[in-house]
Structure formats: C-alpha cells, structure tokens
C-alpha cells in the first residue's frame, strides 16, 4: 500500500476492479458494450426528439434533458474504468479525481432535481390538462431546466470544496472504480465529522425536497387517474407516468443508498454494485423504459429509422 504525505499527494489509484484480474478483459468487453449501447440509445432519443415536430412539447423537452444527463453520467466514469481494465492504468491525478467527483455529483444532483420537475410536469398534464400549455409554457420549461442545471452545479461545488480541502496523508488507493465522496472521504487523515454532517444535511434537504415534490405530484396524479371514467384514459395516464415512476424508483433508491449516510458505514463491495446501478445501468435502461412504454416515442423512432434507411 502506497504511503504519501500531504506535500506529495498528487495522484490517486483506483483499485475498485483490480481484484478480478482473471476476468479483466471480459469486464472490459461487458462495460464497453453497455457504454456504447447507452450512448446509442440516448443519442437516438435526442435525435428523434429534435427532428420530430410531434415531440416538441414540455414532456419530451425534459426527457431530452434526461437523455443528455444519461450520456454525461457514464462518460464521466466509464472511460477511465475501461482504461484501467484494458491497460491496467489505475492512476488518476489529484486534479483529475477532483474534476471526476465534481462532474459526477453535478450530473447526479441535476438529475434528482430534473426528475422532480418531470413529476410536476406530469401532475399539471394529468390534473390540469386544459390549462397545461398555459401553465407549463416554453418560458417556464426553460427556467425549470436551467434551474435544475444551476442547482446541480452549486450543489456539486459545495460538496467538492468540502472534500478536496481535506488533508490526504495516508493511503491514496480509492476502493472504487472512480472518485466518489464515500471512498475519497475514507482516505482523509483530517477530522471529517463536520464536513460529513454538512454533506448529509445538504444532500438530505435537497434530496428530500425533490422527493417530496415527486411524491406529492404522484399522489395527486394517482387520485386524478382513479377518478377518470374512461379506462382508455386511465391506461394512457398510467403508461405515461409509469415510465417516469420506474426511472424515479431506480435512481432515487440507488443514490440514497450511496450518499445519504455516514462514511463509517461505507462498504466498498456493496457500494461498487450500487454505484454501477445508477452510474452505468440506469442510463442504459432509461431510453429503453421510455421508448418501450411510450407510443409517441416508438413512432418517432420508427420514422427516424425509416428516414435513415431511405
């Protein structure tokens, strides 16, 4: 185990997947395939939404933002992991680690806020359909989208500044395949209680606020759907909201397990699995969930494929 003092800390070693040398190449092929499929799925969704006039409405505008986040999230972590698996280059500079953590928390935070905004959008669409276009105007959509990105940025700036102003004077081996808050905090030789408390409070307050907005929106949505007289209308509403609710459950469950708890409960092997769920698999599943459960998206994708063929 490499020992360094504060004055010479200039790099970290990512050892999250180095304990499986016998299957390193198989893991490389697996994660590369998942990454390429994620890129292809989300880019296809973005192209379909930008080129099909039928999808130029608030719901798909927010879905386009989600697809963009699902492109960014694995792009922040997976290329370095693939390099480590293929070339056994597990070293990342201090600055590189800081930037990786910053952008990851930025994207994760932005997605949490965006899912809350998408829940509010579905609430207005189902509970106030006649006033929908007046309430969720183009100007409001732009403000909400910009607000989610700005909030994610400042949330990440706070967390990153708290982590990387600590002293690192012991091991520099990060027991994860990327730089994240729990494994990096575990390496600090500074007292971390106060900073952990701030991280927990901020993450708890912001995450809880977004969750409450999502929960209240879906309570009203469920009540409205149950009062619908037409079974066709109920099925359409359930189909539209079911996609978003599935994504919410996947993302909230995994991120809460990772960030909303003290670092003393950090478990490298457990956290590795959980982080792969929201960092690698969820971005892959999101376009599949939306395209398979949404007729308009499926029709747009068919038109796009037909246009490409001709």
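Glycine too: its Cβ is placed from the backbone N, Cα and C atoms.
Residues or ranges marked as domain 'G-protein coupled receptors family 1 profile' by TrEMBL: 41-290.
What TrEMBL lists as transmembrane segment is 25-48 (among others). Sequence-distant contacts of the transmembrane segment (25-48) (same chain, six or more residues past either end, CB-CB distance under 8 Å): 17, 55, 63-64, 67-68, 70-71, 74-75, 78, 81-82, 85-86, 280-281, 283-284, 286-288, 290-291, 297, 300-301, 303-304.
The transmembrane segment annotation in TrEMBL covers 60-78 (among others).
Listed by sequence, the residues of this chain that lie at least six past the ends of the transmembrane segment (98-120) yet keep a Cβ under 8 A from its Cβ atoms are 59, 62-63, 65-66, 69, 72-73, 76-77, 80, 92, 144-145, 147-149, 151-153, 155-157, 159-160, 163-164, 178-181, 184, 206-207, 209-211, 213-214, 217-218, 244, 247-248, 251-252, 255, 259, 278-279. What TrEMBL lists as transmembrane segment is 98-120 (among others).
Under 8 Å from some Cβ of the transmembrane segment (140-158) lie the Cβ atoms of residues 58, 61-62, 65, 102-103, 105-114, 117, 198, 202, 206, all in the same chain and six or more residues away from its ends. Residues or ranges marked as transmembrane segment in TrEMBL: 140-158 (among others).
Summarising the annotation, TrEMBL assigns transmembrane segment to 197-225 (among others).
The transmembrane segment annotation in TrEMBL covers 237-261 (among others).
Remote same-chain partners of the transmembrane segment (273-292), defined as residues 6 or more beyond its termini with a Cβ less than 8 Å from a stretch Cβ, comprise 31, 34-35, 37-38, 41-42, 44-45, 63, 66-67, 69-71, 73-74, 77-78, 104, 108, 176, 178, 180, 243, 246-247, 250-251, 254-255, 257-258, 298, 301. The transmembrane segment annotation in TrEMBL covers 273-292 (among others).
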When you scan the chain for residues with a C-beta under 8 Å from the transmembrane segment (197-225), skipping those not six or more beyond its ends, what do you find? 109, 112-113, 115-116, 119-120, 122-123, 126-127, 151, 155, 158-159, 162, 181, 234, 237-238, 241, 245, 248, 252, 255-256, 259-262
Do any residues of this chain, six or more beyond the ends of the transmembrane segment (60-78), have a C-beta under 8 angstroms from a C-beta of it, and if so which? 31, 35, 38-39, 42-43, 45-46, 49-50, 100, 103-104, 107-108, 110-111, 114-115, 117-118, 121, 141, 144-145, 148, 177-178, 247, 278-280, 282-283, 286-287, 290, 296-297
